[in-house]
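S.K.: Features from Swiss-Prot:
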type	residues	note
DOMAIN	2-184	domain 'tr-type G'
BINDING	14, 15, 16, 17, 18, 19, 131, 132, 133, 134	GTP binding site
């Protein structure tokens, strides 16, 4: 065990994490030259394309150090994005060390900070590496200073490297051997293994990526998953060098995979503890939590005949994405579809994109909404994830909405516009600090304001320079109301929305005006109203199409004209009582993709 080193790489998007991993694998001869492809560890096409890492991957590398000994280095690649922060914390708790990769030309960014704090809390040794030193605009001294100011770790001996040219790779490996502690653990104790990640393989079922904390695991052992209580027979264990290589056993301190013929990914939860069914460990490893979706949206097939196909596609995605939740939902407007829960906005975009790309689906997505806690008058608490499920106004005692803590980094010339944006989104400033040219802002903002378009607006007011990271803080009482849309006095469930009371009139006005342009004119007047409970707060009319009944009267008596007009009016009134208004699909899309102008 003295020769094992487990480490991961923390970095912001595009700071060169995956390229660095490629170089380390190449230097240790993990893959033959012909098998190297850029970003070896990012196995999904969408990961390569967006340049992000979604699932954790590992590589077990053999490194011959300068002291002549051979070390087993286990590289655990972590996702860097905020939506996957739970996966990050699991990956980090399986390591003793982490490389903090900072782009020497850009300095520290928001996500790096969040993940780095997670690492420090978990007691992981953090080794700073300044990457992209081959760029002419690289400024190592400023970057060093920023790491010390913002994160507060000593960066005087940070390794200068360039993953692209291969400079500094040997130094990084030597630093890992010298500074990352060897794993602690007892190979003779009861088996405890932490599930870092799990995914579904078409041939063998669920593959679990684990870090063995104590004990030894061999094939043919009967294993118990502590959170779900399921038992399975372990069929195969091994390591990835990124290719999978079977082994006869995995012992304490090692990182590898277990295949046990599990059919459902839901049984192998990330962060769960694996132990032997025969002699189980006394307690599971700490830190396991069920991943709860934060953002909900409806997904509907454009063609209602594709409903079954959409369900199959979602089920296939769920095999590899335990955090995705979905349940069937029917809407008057869009037909049959699903209410899906996601970890955050990026997760939602990725699911949509994978549905479109891998399964060739055409889908309509409704505007994302968040989960509210509604306390009713009788004391019961209801969890509401869609406007249609909000109880009636009279029954509600209190509504609580999720608040997130947002960390923002930006060059100081953009502080003004970014602060204005946060204040418009009902944000409360908690902290602000200057680090060289960078400014670090902390805000508490309701999640509902962030899911709509906060990220896009942030990028546009800061010309793309601001970076953000958010984490869930708590539920807080809020004055939010459900705004219903009525067409000729009938509620349309699909168009209801939950908004803050202060913005309600403004949003209602906006939506009603937009609807007026989208509903085609009928033979009778159509009233479009927005209401909170019974109080109408905005109204527009779509005027009726009418025939000119007076065309045949030349001159003549006024009473004759009046009679014809009265007759027309009575006819229209009768039509209005029996006629129904067809709402075109475009009208729904216009509302659901509502922008705060």
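Glycine too: its Cβ is placed from the backbone N, Cα and C atoms.
It should be emphasised that the depicted structure is a prediction, and the values quoted were computed from it without experimental measurement.
Please go over these features one by one and say how buried each is and what sits next to it.
M.R.: Taking Cβ-Cβ distances under 8 Å and a sequence gap of 6 or more within the same chain, the neighbours of residue 133 (GTP binding site) are 104, 140, 160, 161, 162, 167, 168. Annotation note: residue 133 (GTP binding site) sits in a coil segment as assigned by DSSP.
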S.K.: Judged by the number of other CB atoms within 10 angstroms, which among 18, 131 is the least packed of the binding-site residues?
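M.R.: Each of the binding-site residues 18, 131 was scored by Cβ atoms within 10 Å; lowest is 18.
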